[in-house]
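Chemist: Below: one structure in C-alpha cells.
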C-alpha cells in the first residue's frame, strides 16, 4: 500500500511543479505585453503641451491639442 501512495504523491508533485513553471512563464509574457501597452512612450517625448498640432510624439504618434495620439 505504501508504494502506490508514494508514486501518486511524486507524480502529483511533478505535475504541480510543471503547472507552476508554465503559469509563471505565461504571467511574465502577459506582463511584458501589458507594460508595453501601459508605457508605449517610455524614453520618448510624450508631452504635447505647448506644441503645434501634428507634431511628432512617442516616435510614431501625433500631437492634437495637448494629447499624444499614437
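The backbone N, Cα and C atoms fix where each Cβ goes, glycine too.
Note that the structure is predicted; figures quoted are calculated from it, not measured.
As listed in Swiss-Prot for this protein:
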- 41-58: disulfide bond (DISULFID)
- 48-63: disulfide bond (DISULFID)
- 57-68: disulfide bond (DISULFID)
- 1-21: signal peptide (SIGNAL)
Chemist: Do me a favour and check the Cα-Cα span between residue 57 (disulfide bond) and residue 63 (disulfide bond); whole Å is fine.
Modeler: 6
Chemist: Restricting to the chain of residue 48 (disulfide bond) and a gap of 6 or more, list residues whose Cβ falls under 8 Å of its Cβ, or answer none.
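Modeler: Result: 55, 57, 63, 64, 65, 66, 67, 68.
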Chemist: Can you count the other CB atoms that lie within 10 A of the CB of residue 57 (disulfide bond)?
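Modeler: For residue 57 (disulfide bond), the count of other Cβ atoms within 10 Å is 20.
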Chemist: Once the DSSP letters are reduced so that anything not helix or strand counts as coil, what is residue 63 (disulfide bond)?
Modeler: strand
Chemist: Would you please pick out, from the disulfide-bonded residues 58, 63, 68, the one with the fewest other Cβ atoms within 10 Å of its Cβ?
Modeler: 58
